[in-house]
Amino acid sequence: MKVELCSFSGYKIYPGHGRRYARTDGKVFQFLNAKCESAFLSKRNPRQINWTVLYRRKHKKGQSEEIQKKRTRRAVKFQRAITGASLADIMAKRNQKPEVRKAQREQAIRAAKEAKKAKQASKKTAMAAAKAPTKAAPKQKIVKPVKVSAPRVGGKR
């Protein structure tokens, strides 16, 4: 038993029922009844007609049993090692007392400042050494030989 689908309403058409409509371009449509056929021929949109399957699908009618509650993904905190530091090292640092951590931070800052000062001092000495030889040898002015030419002969120009 072959069951067709109505081209307009979307309902099943059982054998012995419905009408077939062949357009001049060769496309064939099956309609459940004259109501569907007349609605199709008057160019009505099945998505805007309440009783059609397309309307019910568009407006989500009659699907309440199938809908499951959407599960939201929850972010789970996970601790793992980072490159250059193992998990044990990270946990040890985290469990340190704040005073110890503060002292370590200050010591690191002090060391960085000292290194910066040393770098600047070495830079200063290098600059002073570079400047000294330039002052010792001043350049002498080159005297260009003046070309003595014969007196000009002629008029104004």
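Glycine is treated like the rest: Cβ placed from N, Cα and C.
Quick look at what Swiss-Prot annotates:
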- 106-117: compositional bias 'Basic and acidic residues' (COMPBIAS)
- K2: SUMO2 cross-link (CROSSLNK)
- K27: SUMO2 cross-link (CROSSLNK)
- K35: SUMO2 cross-link (CROSSLNK)
- K147: SUMO2 cross-link (CROSSLNK)
- E4: ADP-ribosyl glutamic acid (MOD_RES)
- K27: N6-acetyllysine (MOD_RES)
- K77: N6-acetyllysine (MOD_RES)
- T83: phosphothreonine (MOD_RES)
- S86: phosphoserine (MOD_RES)
- K93: N6-acetyllysine (MOD_RES)
- K131: N6-succinyllysine (MOD_RES)
- S149: phosphoserine (MOD_RES)
- 106-157: region 'Disordered' (REGION)
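Features per Swiss-Prot, on structure.
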| residue | record | DSSP (3 states) |
| --- | --- | --- |
| K2 | SUMO2 cross-link | coil |
| K27 | SUMO2 cross-link | coil |
| K35 | SUMO2 cross-link | helix |
| K77 | N6-acetyllysine | coil |
| S86 | phosphoserine | coil |
| K93 | N6-acetyllysine | helix |
| K131 | N6-succinyllysine | helix |
| K147 | SUMO2 cross-link | coil |
Please report the distance from the Cα of K35 (SUMO2 cross-link) to the Cα of E4 (ADP-ribosyl glutamic acid), rounded to the nearest angstrom. 17
If you tally other C-beta atoms within 10 angstroms for each of the modified residues T83, S86, S149, the top scorer is S86
So how many other Cβ atoms are close to K77 (N6-acetyllysine), meaning within 10 Å of its Cβ? 4
Cα-to-Cα gap, K93 (N6-acetyllysine) vs K131 (N6-succinyllysine), nearest whole Å: 49
Compare the Cα of the residue listed as 'N6-succinyllysine' against each of the recorded positions K2, T83, S86 and report the nearest. T83
Distance from T83 (phosphothreonine) back to K147 (SUMO2 cross-link), taken between C-alpha atoms, in Å: 77
E4 (ADP-ribosyl glutamic acid) to K77 (N6-acetyllysine), Cα to Cα, whole Å, comes out at 55
Number of helical, extended and coil residues in the compositional bias 'Basic and acidic residues' (106-117), per DSSP: 12 helix, 0 strand, 0 coil
Comparing the Cα of T83 (phosphothreonine) with the Cα atoms of the recorded positions K2, K27, K77, S149, the shortest distance belongs to K77
With neighbours defined as other CB atoms within 10 A, the best-packed of the recorded positions K2, K93, K131 is K93
